[in-house]
């Protein structure tokens, strides 16, 4: 099946066996953005959203998302995460919010899925908390920006084509 590791020779989905892989420090950084109306951005920036501290709640949700990734992605290994750091960057020019998540573990498989899930859950929480005033918000540009560790080595998005 041409390099797709989640399928066996017969084409059936399976969880990849990582038992023989060496344990190493694994780090992944993912990023995403939510665009919104200027008035919605002002509510978040000024801490005046009716549901409370939007970014504070979204930060906790993102951490929870990283921890629950294996429950959501069927073939993803459950991992003992050693660190999840969530940062939000307010962007007046957009207007919107960028979410950057760094996830770390010491194990046999990477944490890219945990970082991506954390970004999505954090941004979905922003949407949920602000949808009463702005149903047109758009979550966009969610991607892995960097990964470190493991057999395949280090990688940065700027190293990729496209």
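For all residues, glycine too, the Cβ spot is worked out from N, Cα and C.
Per Swiss-Prot, the feature active site maps to 128; the stated evidence is sequence analysis. Counted within 10 Å of its Cβ, the other Cβ atoms near residue 128 (active site) come to 14, all protein chains included.
The substrate binding site annotation in Swiss-Prot covers 75, 76, 77, 113, 114, and the record cites sequence analysis as its basis. Taken residue by residue with DSSP, residue 75 (substrate binding site) is part of neither helix nor strand, so it is coil.
Neighbouring residues of the recorded substrate site, listed in sequence order and excluding 75, 76, 77, 113, 114, comprise 69, 70, 73, 78, 79, 109 (Cβ within 8 Å of the Cβ centroid). If you measure from the Cα atom of residue 77 (substrate binding site) to that of residue 128 (active site), you get 28 Å.
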